[in-house]
Amino acid sequence: MDVSRRQFFKICAGGMAGTTVAALGFAPKQALAQARNYKLLRAKEIRNTCTYCSVGCGLLMYSLGDGAKNAREAIYHIEGDPDHPVSRGALCPKGAGLLDYVNSENRLRYPEYRAPGSDKWQRISWEEAFSRIAKLMKADRDANFIEKNEQGVTVNRWLSTGMLCASGASNETGMLTQKFARSLGMLAVDNQARVUHGPTVASLAPTFGRGAMTNHWVDIKNANVVMVMGGNAAEAHPVGFRWAMEAKNNNDATLIVVDPRFTRTASVADIYAPIRSGTDITFLSGVLRYLIENNKINAEYVKHYTNASLLVRDDFAFEDGLFSGYDAEKRQYDKSSWNYQLDENGYAKRDETLTHPRCVWNLLKEHVSRYTPDVVENICGTPKADFLKVCEVLASTSAPDRTTTFLYALGWTQHTVGAQNIRTMAMIQLLLGNMGMAGGGVNALRGHSNIQGLTDLGLLSTSLPGYLTLPSEKQVDLQSYLEANTPKATLADQVNYWSNYPKFFVSLMKSFYGDAAQKENNWGYDWLPKWDQTYDVIKYFNMMDEGKVTGYFCQGFNPVASFPDKNKVVSCLSKLKYMVVIDPLVTETSTFWQNHGESNDVDPASIQTEVFRLPSTCFAEEDGSIANSGRWLQWHWKGQDAPGEARNDGEILAGIYHHLRELYQSEGGKGVEPLMKMSWNYKQPHEPQSDEVAKENNGYALEDLYDANGVLIAKKGQLLSSFAHLRDDGTTASSCWIYTGSWTEQGNQMANRDNSDPSGLGNTLGWAWAWPLNRRVLYNRASADINGKPWDPKRMLIQWNGSKWTGNDIPDFGNAAPGTPTGPFIMQPEGMGRLFAINKMAEGPFPEHYEPIETPLGTNPLHPNVVSNPVVRLYEQDALRMGKKEQFPYVGTTYRLTEHFHTWTKHALLNAIAQPEQFVEISETLAAAKGINNGDRVTVSSKRGFIRAVAVVTRRLKPLNVNGQQVETVGIPIHWGFEGVARKGYIANTLTPNVGDANSQTPEYKAFLVNIEKA
């Protein structure tokens, strides 16, 4: 309606007369205003899941299109799903802009090719793309494929081409990617977990048995204390964080935040304590000391459910920053002394009185005794009073009827001690008795919508689906491999569920290779690639730098923006023969060869890399499942057709794969058998359907299956309902054993939508499906005491009813009755949570404070002779690019904003408007010292390069007094680059160092040295 002010008054004055005249039939030809039709009236409603972070918020998408042959469905509205038990209809600013992402002007529509030395793209057909890529791959594979190593062991590996895998893709795409990469012999396979939550698995699995978030989003509401450290949940996971506010508002919970910045999470906290980035282990070890010294532990829990009572070998020691067994030349440990004393039966010796000097309990007490409140204040910069306040509140949850939940994210993982950061906190939860409890646990807040799923599916260099390990070349045959990976119980009468490893592995091989996998050929063991070392991204880009890599696949991954030392990344990509980018959007990686001035100053003519840019679908254009942070597998449905000629990832991979296999069939070559034996028996091999792959992940009975009593449990060809049915005799097949039960003969369990919650605990067992076996809280046997009675009846998860375990969750336990020696941590050989991690961690069985590689102190106050992590892998060329405090005196740390998601949302107009321009944050004191005013343009530099941005001078950052000096922090949001609809900016990772966590090689993005000057 277009009405002037004058017309408006005329209409109002003549309102009665006008309606009367109209009633007599003298109505105007067109009304000035009329009721608008409800815009969703004729729409088709589709349910989906948000593609951004791992809260997994529910979506309702609305599209037009009647399904006619020539009609194209098109989404025109997206909103939150009010039925979803986590999000309850809410979306964060990222989710609110999803429609702009789906319809972004930067969506790719056609396959494109960039020739060597060219400065432009040329459009090509899919056939041209598949044909050329397959020829390049075959030429490289035939030239560099290694069938046997120097010792004559069959290894079937291809090291000169690698692949990055998309954590925004579905689990079904992930499994197709796994089959694609492993059949080719690729070992340089990684996903975003390598640069974000790799330390989560590396720490939680050794401590508890599984490497995943132990509870779930809604369960946070059950906590009495919510501690957010190593993350900023209100900013990065705002809809998930509502459950922390629910705990605060309705359960009288205390919210604690420990962070270098006064964040959005801190703004609603009851207690905020500042900390220097990179010193979390000191803070948390101080908490451990406080709990022990003040006897604020759940003593019965510690005695029965942790390895506190087990005796450690006499030759284990710690002195001056190093544990026993250190080899300074190799920069690694001989870990043989990091183990238990064993009795004549091979079981660990035990002292339940906890008085033996070599029991874990007393060794732990001695180890953390150095971390006094004064030491914490000196190293962390945290005022002693603030630290003690945090300790007191945490200690209150040592009572059986109170719990703390820890929420963490990349603020803990992205350090050279990332895995040990997490382990220290996990040890606190064991002392407090908070593991397995409703409102307790260790909650890893995953960053990408399906990073949990791709980790589950083993898309990492040395992994296989279901947290199985890809064989190494030292495991020359199947027997040696199974012996190396199948643990023996450390204590008598334990579940030791990993003893079923052979069943999981053989079932995987049957799924991979079908009828070709037989007992006579060790189920196709030789066809798997065997590794000699981990080819993580830091390692692989150093190989690129040395000219040892020919090709690289980037599937839904933007390494130019995501990997450390951006200038080195661009230099490395410039040395490739070819690169294939599969993505819905334009990325800096796909255009790394273009000159964008200071932010990417390259000469296209000198870059000889062939680049293929292949347009893929986004979340809204495909069916499939993704796993949120709480391990919930949620099925989503396609809402529209992809733009232009874009195809889904599975179809793209299948196209390349079949062209490559056809070349090998006609021409022969290296490694033919592993490539051709991989099963790809889909109804449409060139376009596998999500439901087919999902059922493959779940698993089938290949013969009639009977239980120990001869009762038929599954007929041949039926889908399995439990991984307990998997066999090691070739009669079952499952691509990912932990997903068994997700799609059964009763249907797709991941599509379940019953949000009823009879217990009030938020477990909603009828919504979606959680691995393992729809269990919502891991280790929930530990929620009850040794007699089977809940520690807190109001938060009962499971209990013993006299004949079996039952309750408000699926029991994470067998049938052992209370009073038996069987421990609650069923994946561990001890059946216990580990305070002492034995030989499972790279730098020690207990956490220890080590400075970041680039330290603002130049020393380590605890042990000056061992400053940084002594087993960190640092390549010579990267070491030359490390800065010193004299030139770069300030701590740099990167982080996210709630309006953006990494570098995706700068392509979405709404998000670009919300946060349009790159900025950095500095304190008022640093601004005054450098003569910088709020809004000034500044240059932030490290030894590796520089960025320019707007300065935001804020009280959210303050200098900390550390070891006799003031330490300032420069806060650096990560969301800008030289592509997108937002204002062009510099890539934050220009500044970050190329060094990683010693266990997972996750880069140290959170603590490095910079300088800042007015531009």
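Positions of Cβ are set from backbone N, Cα and C atoms, glycine also.
The feature [4Fe-4S] cluster binding site is assigned by Swiss-Prot to C50, C53, C57, C92. Sequence annotations record features per position, and here Swiss-Prot assigns Mo-bis(molybdopterin guanine dinucleotide) binding site to U196. Swiss-Prot lists 43-106 with the feature domain '4Fe-4S Mo/W bis-MGD-type', giving sequence analysis as the kind of evidence. The signal peptide annotation in Swiss-Prot covers 1-33.
With a 10 A radius on its CB, C92 ([4Fe-4S] cluster binding site) counts 25 other CB atoms from all the protein chains. Rounded to a whole number, the distance between the Cα atoms of U196 (Mo-bis(molybdopterin guanine dinucleotide) binding site) and C53 ([4Fe-4S] cluster binding site) is 12 Å. Highest Cβ count within 10 Å among the binding-site residues C50, C53, C57: C57. Residue counts for the domain '4Fe-4S Mo/W bis-MGD-type' (43-106) by DSSP state, with H, G and I taken as helix and E and B as strand, are 9 helix, 20 strand, 35 coil.
For the residue listed as 'Mo-bis(molybdopterin guanine dinucleotide) binding site' paired with C92 ([4Fe-4S] cluster binding site), the C-alpha to C-alpha distance reads 21 Å.
For the domain '4Fe-4S Mo/W bis-MGD-type' (43-106), the model's average pLDDT works out to 93. Neighbours of the [4Fe-4S] cluster site: apart from C50, C53, C57, C92, residues of the same chain with C-beta atoms within 8 angstroms of the site's C-beta centroid are Y52, V55, G56, S87, L91, K94, G95, H237, P238, V239, G240, S449.
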